[in-house]
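Listed features, source Swiss-Prot:
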BINDING   Gly111, Met131, Gly132, Asp133, Tyr134, Val135, Leu136  S-adenosyl-L-methionine binding site
Amino acid sequence: MKIDYLTLFPEMFDGVLNHSIMKRAQENNKLQINTVNFRDYAINKHNQVDDYPYGGGQGMVLKPEPVFNAMEDLDVTEQTRVILMCPQGEPFSHQKAVELSKADHIVFICGHYEGYDERIRTHLVTDEISMGDYVLTGGELPAMTMTDAIVRLIPGVLGNEQSHQDDSFSDGLLEFPQYTRPREFKGLTVPDVLLSGNHANIDAWRHEQKLIRTYNKRPDLIEKYPLTNADKQILERYKIGLKKG
């Protein structure tokens, strides 16, 4: 996969994208990363990338020319996903990360200031994505967050493919509780089932914990999850236990 970032602050990406999984993905030729400062594509001697909005209003708007010019220098095809980071976009999710992990080429347009000239949105962009109902100073942090979520899903990046399959949201539920040594710490012990060596019982316990954890922390996900009769019985027993205290 190749990822290009159009940004006014390319140095922001240096630390995040050159460590841990991102670094290994690049070293193993699973990922190619390129940052482009679209200020270099401004059309006047002052390298101006923003201007006042037509019709009046507060703030500055990113001009179309630098972004369009920068895009012309990229190897963009009809299959390239061009992503605009903006509050009005589709909320980012694990499902969206899975979809984007199958792309060969992604371009993130990371804006600043009040917003973008609408012609950028309507003529260059394939996806508008939001990280939530709040506003950030620029698109760089959301782009880096999305990159991490996407790249770890590329086959061969994590090494152990089971790793991301056990993650929260991978099957619509939150992840089960995890434990490691020591077996007992400050009077707190690891559940016996995890030490039993019985993998069927361990899998059943983990699924039960995922259901209960999701029910407690993200009831909206439980409403969407295709509960089996066995799942419903697990949750019903849990609810009865809560009432009994």
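Backbone N, Cα and C atoms are what each Cβ position is placed from, and that goes for glycine too.
Feature annotations (Swiss-Prot) mapped to structure.
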{"residue": "Gly111", "record": "S-adenosyl-L-methionine binding site", "DSSP class": "coil"}
{"residue": "Met131", "record": "S-adenosyl-L-methionine binding site", "DSSP class": "coil"}
{"residue": "Leu136", "record": "S-adenosyl-L-methionine binding site", "DSSP class": "coil"}
Among the binding-site residues Gly111, Tyr134, Leu136, which residue has its Cβ surrounded by the fewest other Cβ atoms within 10 Å?
Tyr134
Using all protein chains in view, find how many other C-beta atoms are within 10 Å of the C-beta of Asp133 (S-adenosyl-L-methionine binding site).
7
I need the most crowded of these binding-site residues: Met131, Val135. Count other C-beta atoms within 10 angstroms of each C-beta and give me the top one.
Met131
The number of other Cβ atoms within 10 Å of the Cβ of Gly132 (S-adenosyl-L-methionine binding site), counted over all protein chains shown, is 10
So the record assigns Gly111, Met131, Gly132, Asp133, Tyr134, Val135, Leu136 to S-adenosyl-L-methionine. If I measure every Cα pair among those residues, what is the longest distance in angstrom, as a whole number?
17
